[in-house]
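A.B. asks: One structure, as structure tokens, below. Some questions next.
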Amino acid sequence: MPVKILMVCLGNICRSPLAEGILASKLPQDKFTVDSAGTGSWHIGHAPDKRSIEVAQKNGLCIDGQKGRQFKNSDFDEFDYIYVMDNSNYRDIIHLAKTSEHKTKVHLILNELFPDENVDVPDPYYGSTNGFDNVYQMLDEVADIIAQKLIEKHS
Ligand code: 4NP
């Protein structure tokens, strides 16, 4: 059974598709699966934002096959680790969790890089392309740490 990791943001078109693609590229596919979802429903079935696709491409990753979906309650059972991009996503997902086991699966992603600082991955949706580069660099850095931890823990 592979270890399953879910990346969550608001729209599932900017940050979490990048987080999914970046982490998946750092983990062996036979042992880990990575997916992403949004807390909101606006972009169900949509491809990632063009700017996310472009920044991924620039860094050698293809994420254009991904399709937006909304987080659902069964994800708490389906996934072993749920990484959320910001504090608002954290509140929304924790609010949906019905058991302490579900709650313990939810982690604010940048706390893996800056423990207990509760730093957000900023939402680049309304900003410039520069925002997407910034988000990419942050996610790439934290994904290295997460991948290393997961590989150590599950090998
Ligand atoms: P994301 O960015 O949460 O990183 O995917 C957003 C994308 C779309 C919207 C909000 C945030 N929206 O309101 O449509």
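Using N, Cα and C of the backbone, Cβ positions are placed for all residues, glycine too.
Note that this is a predicted model, so its numbers are computed, not measured.
Feature table excerpt (TrEMBL):
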type	residues	note
DOMAIN	3-149	domain 'Phosphotyrosine protein phosphatase I'
ACT_SITE	C9	active site, nucleophile
ACT_SITE	R15	active site
ACT_SITE	D123	active site, proton donor
A.B. asks: In DSSP terms, helix, strand or coil for C9 (active site, nucleophile)?
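C.D. replies: DSSP call for C9 (active site, nucleophile): strand.
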A.B. asks: Report, as a single number, how many Cβ atoms besides its own are within 10 Å of the Cβ of D123 (active site, proton donor).
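C.D. replies: Counting Cβ neighbours of D123 (active site, proton donor) within 10 Å gives 18.
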A.B. asks: Note down the number of other Cβ atoms within 10 Å of the Cβ of the residue listed as 'active site', including every protein chain shown.
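C.D. replies: Step by step: centre on the Cβ of the residue listed as 'active site', count other Cβ atoms within 10 Å, giving 34.
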A.B. asks: Would you mind reading off the Cα separation of C9 (active site, nucleophile) from R15 (active site), to the nearest angstrom?
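C.D. replies: Cα of C9 (active site, nucleophile) to Cα of R15 (active site) measures 6 Å after rounding.
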A.B. asks: Roughly how many Å separate the Cα of R15 (active site) from that of the residue listed as 'active site, proton donor', to the nearest whole number?
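C.D. replies: Their Cα atoms are separated by 7 Å.
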A.B. asks: Over the domain 'Phosphotyrosine protein phosphatase I' (3-149), what does the predicted model average in pLDDT?
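C.D. replies: Averaged over the domain 'Phosphotyrosine protein phosphatase I' (3-149), per-residue pLDDT gives 97.
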